[in-house]
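Report on the following structure.
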């Protein structure tokens, strides 16, 4: 069966309360009166209308919301203020004593910067009457309960005396727009009355038509029920209630001459007329107070019974005495009058009031109340919520107290009184007025939350005030008119609810029939709605064919009207999900004068405004066909806009649709062998162009203690950076390289001499005999011209017996390395000669020698032997001396002095550095030639893997490059694809920056050959030979794919360090050609990505507080637009800007960390970055980022004098977010409540604690939108400034993030996550198992079990989020583990 409401098979659905948007659209076109049932959301339509008007009207205009009662004003203002937290709003009612504001200055001060005023009708009418307010100042007037705009009502006075005359004189542009709100049953009841209201308000009554079906889903009709009771005995007053009888008798016999007012007038000769009037009318203050008190007491007795009357009289007297004793009364009540009243009432007999009774019969209540209690007692509903309407305020208070003590009701019903606040400030009823405003402040909130389940109220709760839907509504007295009948009935909105009216059993059949007739009229009205719906359903059975068809030429993919609806829903389903947002498309239908329909579809606001709203191009008889065609046009538009691919599928990365072009890349893969520069040098020796560099070695940096040698090669030598070599803990050598120079005309013989000198140096410090091959690729020699090499070799090559050296008495300073022939030529360091024996012929020559240092890895300080510690005691013995004595006849001594021989130890290190430099130079000259590096210094760091254990590795640069790449790709996608929503942008970025993509880039460019992974091992090192390199064939090696990806990112970081962003972009472009920011004109694009036609106004103070002046303010509007903001079709949500701002923030934070003077390892930098961009920290800063704003209030300083008091309030950034939704409101308020509770703790931690506040921030658990708008504003600034990071950095500084970063860096604040700390303490033998725990009320909490060494140690329960549970558990685990460690240490000691 077809239906006007699409079924599941249609793959379409309406969003909840979609008719509210329909009414909003209608109100933007003309003045309207929104006529909808009670509880169907009229106030929310008004809020949407206010938001729309604020976005378009000048900032000096005011929106005025009118309501009939003070209570309703208070409620509506609360709703408006909650939904417009950044806008200055205020109420103006009798509570403010507005009627006494007689100066324009007071009104001007109160309304300064106020955009929305909520008041009673009379306040605006009087303000207009006295000229304190003008129609020209108003942008919009909203009339709540608009059916009051009739006859002499203040609402009608506003229109007749001011609106209509202004229209007649100046035209429609001179008056505000009008919106009325009323309950549709009231309007339907009288068409003539409706026409009058429309004329008075210059508006047209509108009821949702296109979504009538949905409206009916949210309105429930209660069952009408009559409660009969026996009327009271007319003679009952004479036989019961002794206290009431005494009060009446005392009142009737009261002598007016005893009245203090009359006595005062008789003593005065000034005003005889006043005395005569008082005696004639019998009206004085005291007599009027007593008269009303007697009347109320009698009414209480008749309505509620004897106990209630006695209770009322007794409580009122006690209340009066208390007020007199505490001087609570106002100064205009004469002391004598107080004493007179107290004296009069004290003479009454005391009533016997028993509060705690077990027998209901002892309460002596009226038959009417007995019937009510019987009705309530019969209610068998655990979810009961009820409302009882009574006539008088006194009845409200007494009935509430009586139900609280009655045995049949006190356990089941949690009663509360509500009478509103009208006239409460100016009331002269000092006697018998038991209800205070303060006592009912929380009544409605308690009722909504379920803390109270029964409210007794006057007719103040009939209309307007938003209370929860009730299951029972009781009229204790018959409704006075149809309006009251309808309004009260509208309060019973729960399913299967009851609407009860109490009747005396002897009431005439006419009255009973009257209400039955009214009920039948209401039933018929609703049946009329249902007939319209049934008619629509019958119409939908018409088979109306929609033949729309679209074909993609390249793939032959086809879109038809029958498939478009499903396609459109799938497109929305894969959009980035957001809390508090329904991502389904919104369908609506408009009707023309021929009753034909055209479909409209609106997509979520993360979709670009150009294709967010689509209309059908034809008019149809059925809604089904209209919506089908609208869906077709919408999806076709998505394809044409580039949001759907040629297969007519979303550009999504969902598994079922993804085609992974990269394939599967293993973690360990085959890559090119590390580039060997000595192969190129080996070939170069066939026709050498010899270059050399002077190598200068200084001991402990002293210039007067230096050694020199020369390094030569067959081609140009790259510049080499100085090195520091660590001999021992007290001795270092600095190796410096002078600028290389070409050496022309070097004969072959000299080259051979250099090879021989290289052997001399290498052999001098080696215990093993070198190979006979001497075709070294790199040559070393003394610091002499090549023509002097032969003489040098003749002098220093080889060795001689030690005995011969001894006989020549060589200077010990010129001694070479001693070699013990008996121990395989073990090298030793000569100390002194030792002779033993009695005569020269029998003496034995020996040498005292030190062992030759075994240490060869001179590059690393950490391999040094530990020397004597500074805190050692002076008598600590020195380590055993390893000096040896060897026989001279078993030793030889090298001719090369040890002072020169030591240079041989440095050759391996020099060659290793030269090799690294040659690899970097080759990379610089080939793959990176267009990047623009100025030197190879940063390249060496970027290509050195940690496994090589070199002095430097790529990890820090990879940390920097990762953020630069993310930033660059984010910018590229954002500016290149202004049509893409955040989901596409995120998936597109992930595809590019993922490790497999970077690994492939490294392989495609040949970068894999230049990644240095080989570890330098000096003990196994051998000088590279020409013969070996000429025979070498390049092979493969096993490399981690992540290492290749890391090196790409590290090179990007190196390029940034070398040449800033320009070099980094060139490097990115080399490996990822599709990323080319230089080809994008960001200044032009910053305007093109802005929403078109945005007219929203932004608070000037916000713009100043951000410290950035937007050229395109619509970007700031977009940055503040939450995905739930569905009422603005011209602005996209902030998600795109938040995507960009996230990358900008990363770039700023990472740059600051990286450029700090203290170099930190990558792991620590990563921890700091994660702590700084933590969503809860950003959310906290968002809540703290506030704008000072002036507010004015009026204080009464005397009877007729008022003073304007100015004060300053802080308006936080989050208040400016544009959104819609009660759930979001509630979540926001809950987050703010947690912020208030945790604020001092978090601020103290950020300013003083040595640890990052992980636990406090996890307990904050702020909703994501708080941090999102920080990042989206950052993105907006970046776009508007044309890609300039400087103003972005200024904003990050302004919110306080940079100052905390500096504190972390300067004071070494511990930022390690507690979970990681616990894992370190437990040596990773610990598990945290977080789990969601549903509760009986439908909510949930989180717990986290901690297992240490496979044993459950404890469980943390009752946390708001899994993160809070895990952080709390980790902190407790740290305490436990530290106790164990300390306990073990104590036992050990």
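Note that the numbers count up from 1, one per residue, in the order the chain is shown.
Just so it is clear, glycine is given a Cβ too, placed from its N, Cα and C backbone atoms.
Swiss-Prot names 1268, 1271 for binding Mg(2+). Of 1111, 1113, 1118, 1138, the residue it gives for the same site is 1138.
By number of Cβ pairs under 8 Å, the domain 'Helicase ATP-binding' (23-203) is matched best by 1099-1282 from the list 564-658, 920-1060, 1099-1282. Its own atom aside, the Cβ of residue 42 (ATP binding site) has 27 Cβ atoms within 10 angstroms in the protein chains shown. Fewest Cβ neighbours within 10 Å among the binding-site residues 38, 40, 43: that distinction goes to 43. For residue 1264 (site 'Important for activity'), applying a Cβ distance below 8 Å and a minimum sequence separation of six or more within one chain yields 579, 1175, 1179. Same-chain residues with CB within 8 A of the center of the 1138, 1268, 1271 CB atoms, the Mg(2+) site residues themselves not counted, are 1134, 1135, 1137, 1139, 1141, 1142, 1267, 1269, 1270, 1272, 1274, 1275.
Secondary structure from DSSP puts residue 43 (ATP binding site) in a helix. Taking Cα separation as the measure, residue 1268 (Mg(2+) binding site) is nearest to 43 of the binding-site residues 36, 37, 38, 43.
Here the motif 'DEAH box' (144-147) has a mean pLDDT of 89 out of 100.
Between the binding-site residues 36, 1138, 1268, 1268 has the most other Cβ atoms inside 10 Å of its own Cβ, all protein chains included. Cα of residue 38 (ATP binding site) to Cα of residue 1138 (Mg(2+) binding site): a span of 39 Å.
The binding-site residues listed here are 37, 1271; among them, 1271 has the most other Cβ atoms within 10 Å of its own Cβ.
Around the Cβ of residue 41 (ATP binding site), 21 further Cβ atoms fall within 10 Å across all displayed protein chains.
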